[in-house]
Structure formats: C-alpha cells, structure tokens
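Below is one structure, written out as structure tokens; comments come after it.
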Amino acid sequence: MQQNIERNQVSMTTSRFVWGAVMALVALGSASAAELNLPDGAALYRARCGTCHDNPQDRTPARDVIARNSPAFIMAAMNGVMAPMAAGLSEAEKQAIALHLGARPAGGSQEINPHAIWGPPSASMPLDGPKCKGKIPPIDLSTPDQWNGWGAGITNARFQPNPGLTAADVPRLKVKWAFNYPGSKNGQATVVGDRLFVTSMSGAVYALNAKTGCVYWRHDAAAATRSSVHVVQLPAGAPAQYAIFFSDWTKAAVALDAQTGKQLWKTTIDDQPGVQMTGSPTYHEGKLFVPISSGNEAFATNDQWECCKFRGALVALDALSGKVLWKTYTTQKEPAPFRLNKLGKQMWGPAGGSIWSAPTIDPKRGLVYVATSNSYTEVHHEGSDAVMAMEIETGKVRWINQVTKDDNYIIGCPRAANCPEKVGPDFALGNSPILHTLQDGRQYIVVGQKSGAVYAMDPDNDGELIWMRRVSPGSELGGVEFGMAADAENVYVGISDVITRKGGKPGVYALRIRDGADVWAFPAPRTPCRWNNIFCHPAVSQAVTAMPGVVFAGSMDGHFRAFSTSDGKVLWEFNTAAAPYKTVAGKQADGGVMDGAGPTIAGGMVYVHSGYAGRSTQNAGDLRGREGNVLIAFSVDGK
C-alpha cells in the first residue's frame, strides 16, 4: 500500500509539471518558436511526427486534424497520451513542435480555454447539470430492473430480462432528457433504482437521477476513465453501505461511496509501459476483477520506443480494502530482448495480449474468463487472440483457446521501425465472452473477433471449439468490436467493418447459439451525416443490447435502431445526430458517432451515448470538438 501511495504522489507531481508546461504555452499565446528561441519545430515534426501523421492509417489523426488544436492542447498530448511517441524530446523541443503545428487564436492567448484541453481538470468546471433538490434517497439494489456493470450480470450477456417496457412500447420511445459533459469518450451507464452512474474521460464520475438527469454528485478523479461502474453492497462495519467500483485509464482501480462520491480507496494495479485500461471491472463475492490493456500498438510507431514490454493481465482485488489478491498475465513469459529494430533500438517479447473487455464469471466451475487481443512482436505469445480461463481464487490459468496464432501487429507498418517481421491482421478479441446456458442445461462460451468470426467454446472441455461462424471479412477496425448480446436462443452480433480490404458487411446479425446457424441479417444502409469523414459509416462497432423481443444497436452514422429478435425487422429508429439537444443544464449539445459503450435498459428507459473521440467533427480525431458527446435518455412517449 505504501508503494501505491508513493506512486500516486509521483503521479501528482508529474501531473503538476505537465500542467505547468501546458499553462506556459497558454500564456505564450500567439508567440512563435523563433521569438522564444526554441528549436526548429518544422524540422522536429518532420523527423519525429511526419512519418505517421502525414500518412495517417487506422486510428492515427492526420496533421490537419492535429493543427486545429491549440499549442497547449498538443503539448498536453505529448506529455500525456502521446508521451511514448514523444520520448527523448526535451520540453523545449515539444514546445517547438506544438507551436509549429497548433492553431493560434486571432485574439491572442486569452481565447485559449485551458479547461477545454482533454484531460482531468473537471474539478475546475461548473457542474454539468442542475443539482438534485431535496434529500438524497438511499441506494436500492433490490430492484429487479437494474443494469449493473458492463454486461448486466456476471455472464456478460448484455440482456435485460426486466426492462420495464415491452417490445410493443419501443416504437413510442422519445427523448426524455440529455446530458452533455466533457471528455472524448465516456463509460456506459449503470442504473440501480433511481441512480445512474457514469464515468468520463474528463476525469469526472457522476451520480445522476435516472429519471430526470439532475446531478446527485460529481467526483473529480485524478485520471480519465471510460470503464463502467459496478455497484455493490458492502458488509456491516464497512466505511460505506454501498460502493461503486471502476478503473481509471492510467493504472488504478477505485472505490467510491455510492451515496456521496467520497473516495474509499484507490490502488495502483499496473505500471507497465504504455498501460491504458479500458475494460470494465466485474465484481463477484467480495472480489473485483480488473482487466489490463495498453496503447503499445500506437506507442510503437515511435521508432525510438523500446517495443514492447507490456503484457495484458487480469488483477483480482479485495473489494473492501482494495488489496491486490492476485495478478495473472496473459503470457507467463516475461518480455526479454530478442533483436534490434531498424534503427538499432532494443526490441522485447513476448508482448501484447491486452484484455480490452470485462471479465466473465463462471461460479459453477470456479473460473473467470477473459478475451485477449493481438501480440506486438514476433516472439510467440500463447495468450494473444484467445479466450483464457483462470481460477477465481488463485488466478492460475486453467486453459487457453488461441483462435489466431502469431497475430503480431502495431500501427503504421510497414513504415515503423518496430514492425514485426511478419505483420498480422490485428484480429483481436475485444469483447467480453458470454457464458450462455442452453435449454438442455449445457453451457457455451460465445465470443466475437475483429476477423468477423463468432465462436462457441465448451467450458467443460478446456474451451474446445464447438462451432465457428464467419459473419464478415473483418479488419483492424472490423468484425465484432465492443460487444454482442444474447437471449435464450440467439446471439446478436454487431459488425463494424468500417475499414476492410474485401467487401465489408456492417450491420446486425442474429445467430442461433445452439449451432451457429443464421437466423436473420440486417445489412446497415449508408446514410448521410453532419460530418464528412470515414466515420460517416453504417458500422455497428458499439456494443449491442437485448431485452425480451428487442435488440438495440447504434451505428457510427449516429443511427440508433431497435430490431425484432425474431426476424430482424426494424421496430424503431432514431437519428441521434440529426438535431441538437437541449440538455438538463439548459445548453445545446449535439449527438454524433455511436461507438464504444452500448445502450443500457432499466426502469422503463433506454440510455445511450452519442459521440465518440471527436469523430463527429469534420476532421475525425479533433478531441476538442464540441460536437457529439451526449448521454441520451429515452422513455415511452418521453414521459
């Protein structure tokens, strides 16, 4: 614990230094690098940045996208999420690059709003909605229609059996309220009783009234977060009656008092190079299971980065104290030097195998299941692109089913010096395994892949493959991305295929879980968008959600649809980006690209995010863009 406290103190010191550098650039305003006696920013950009940003691929923003941001924002990025790519640059060199690229406001530095910089200063911002009036009611975990955590249960089926509305009600859904908040990506809504909990990349964690959107409290975390919240009743004598758990994007798991938002504990659980935690934690019988992922795929585009020392992992903590109980890596082999890259920098392996999604609990077998992503180097990684089973009590790996071997991938190949000798297709398993019980009592593990494949595995036979169905050709940004949903008969599959080398098949597909047979298909149509970039696309990357008779799915073009589970007929459709919303704060906000965290259903209402990572602006990747960052609450007739 002392070590964790010391690390947090170091992190706070570093954050103050970084923020000081950012504020310095804000103060400099429209000054040039030459006036400030800085190095040649143009030359530094060509040498360190141009290879990727002048020829962008996949998730890399183009130079003109970066240039729309202020020098202060670019400086914050180089000292934050882009720090690995900026490794080796002095502060003066970073300032020179930022001033070379960044937009300078006509009115001088006073027009640069430091609070608009992507990061954790949410504490300095006004509350994002009206404060709830009156006495705060107690948390009620007894309600049958709650949506708690990522998958609405430890099996991660993303199915709401008690939605509080029927399939016949769905065509009458209308917007009841909208909530707009800072941060380029946001966590999925958790709804328990009248309480809605949600996280954001601004560092703010909110407790809202689920029916009205008013704010009970806002906790200003020290780091961005995009995981879903899990609400738990603590044992008698604990410092709070109820706690919420989440992980931040950097290195910590956090517990807050669900009633007040006060921090109960915070534990550093990983400090590997380039760690970025996106998957949501899962709670079970006093233990919190937190997945570990990274940004090494992008960081390795920096030719000076020692690629790669990161291994995906699952961490189990005591939910009451935050004490780490065990930690299991997706490969048991520690990364070791194996060759030099094209520029003579040391390379390491095995590396990779991030866990991007929430773990799945199997109490019957005493196991926890995780799905893993690609490897980064050509050193064999037995736990990449796989489903892994670990013992709940010890973390011991019971079995691994690797569906794609040697999928060695980083962004920017073949240009980047750190590229594997043979580059893989990046067919990660980025969604949670679904533990499904058939009517005859047998259980299957069902999981999707960015290859467009869906797999059913046998938990009684070490994950042996039962069936595989290739729904689409897939790609780095294709196939199954954030999550599927399952009811008693079918699994509902959202297909992205926003970028494919063959004919993509974006849309929603239903497969019979018993044998993988096709039930129905909805090839999503192309529709115009407010924004003009590659993310004006019918891709269904956002996680899908089901209730009796209905499956909900959002697409990147902003369309939110409800389908009949029996035949795929569209029951209801709403364009979340067609018109601005008047938010609960009385301000105007826009919807946009739908991606990442999926819809949640509880108490007769449906909640969904519209807007993702600045992709709804004319230049995808402008994280300061104000368009597309809203939580929308729907109810029957808007009542």
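Keep in mind that glycine also has a Cβ here, set from the backbone N, Cα and C atoms.
Copied from Swiss-Prot, the annotated features are:
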| type | residues | note |
| --- | --- | --- |
| BINDING | CYS49, CYS52, HIS53 | heme binding site |
| DOMAIN | 36-152 | domain 'Cytochrome c' |
| SIGNAL | 1-33 | signal peptide |
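In this model, the domain 'Cytochrome c' (36-152) carries an average pLDDT of 71.
In the shown protein chains, 22 other C-beta atoms lie within 10 A of the C-beta of CYS49 (heme binding site). The secondary structure of HIS53 (heme binding site), as reduced to three states from DSSP, is helical.
Its Cβ taken as reference, HIS53 (heme binding site) is surrounded by 21 other Cβ atoms within 10 Å in the chains shown. In this view, CYS52 (heme binding site) is surrounded by 21 other Cβ atoms within 10 Å of its Cβ, with every protein chain counted.
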